Amino acid sequence: CALHALNNLFQDQKAFCKKDLDDICIRLSPDHFINPHRSLLGLGNYDVNVLMAAVQTKSCETIWFDKRKNIKCLLPENIQGFILNTPSEYKWGLLHFPFKRKHWIAIRRIKDIYYNLDSKLDSPESIGDEESLFLFLQKELENGEKELLIVVSQEVEQAGTWRRNSDASGNLSTSSDQHSANETATSNANLQPLDDL
């Protein structure tokens, strides 16, 4: 699902293939017979290290969101997209195993609307505007097992313009020099059907 999440995030079915992610696994742990960054069977289930390394090949960076912070500290207009990591039942056919694996879900803005691009959905699910995005993410993060990754351009990561400033009283504000480095790329993208990614 990391492969689908990445391709959905970048809205390009050829952004990554299984071999790309397998090569990253080998690069991260070249001396291991059993690679710790993917499933034992080599069928995917890539870990966060692979996902983060893959994002870097697209001149982007991945930032862990600190769940102790107010979700409204984020500046979505400067964010390429989000990847939600959520526990999922491990099934093989009709067999259900007593442990969980992690499922990756891409979320991004396309033409001013945010979409849930979960590969388990039949089609992209509209979340709505920025306020709806905040509500969606806040609700998802109420489950302590879920984690949120923020994907931004390297320029935005270096400048720190993916988040609002807060003053001593904890109020959030946007400085006048913060602007959208990704606004054109994200607002002009065309929604790709999940089946194509």
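Numbers here mean position along the shown chain, with the first residue as 1.
Even glycines carry a Cβ here, placed using N, Cα and C.
Note that the structure is a prediction, hence the values are computed from the model and not measured.
Here is what TrEMBL records for this protein:
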ACT_SITE  C1  active site
ACT_SITE  H103  active site
ACT_SITE  D118  active site
COMPBIAS  167-191  compositional bias 'Polar residues'
DOMAIN    1-166  domain 'Josephin'
REGION    162-197  region 'Disordered'
Other CB atoms within 10 A, centred on D118 (active site): 20
D118 (active site) versus C1 (active site) - Cα distance in angstrom: 9
Distance from D118 (active site) back to H103 (active site), taken between C-alpha atoms, in Å: 9
Cβ packing number for H103 (active site), 10 Å threshold: 20
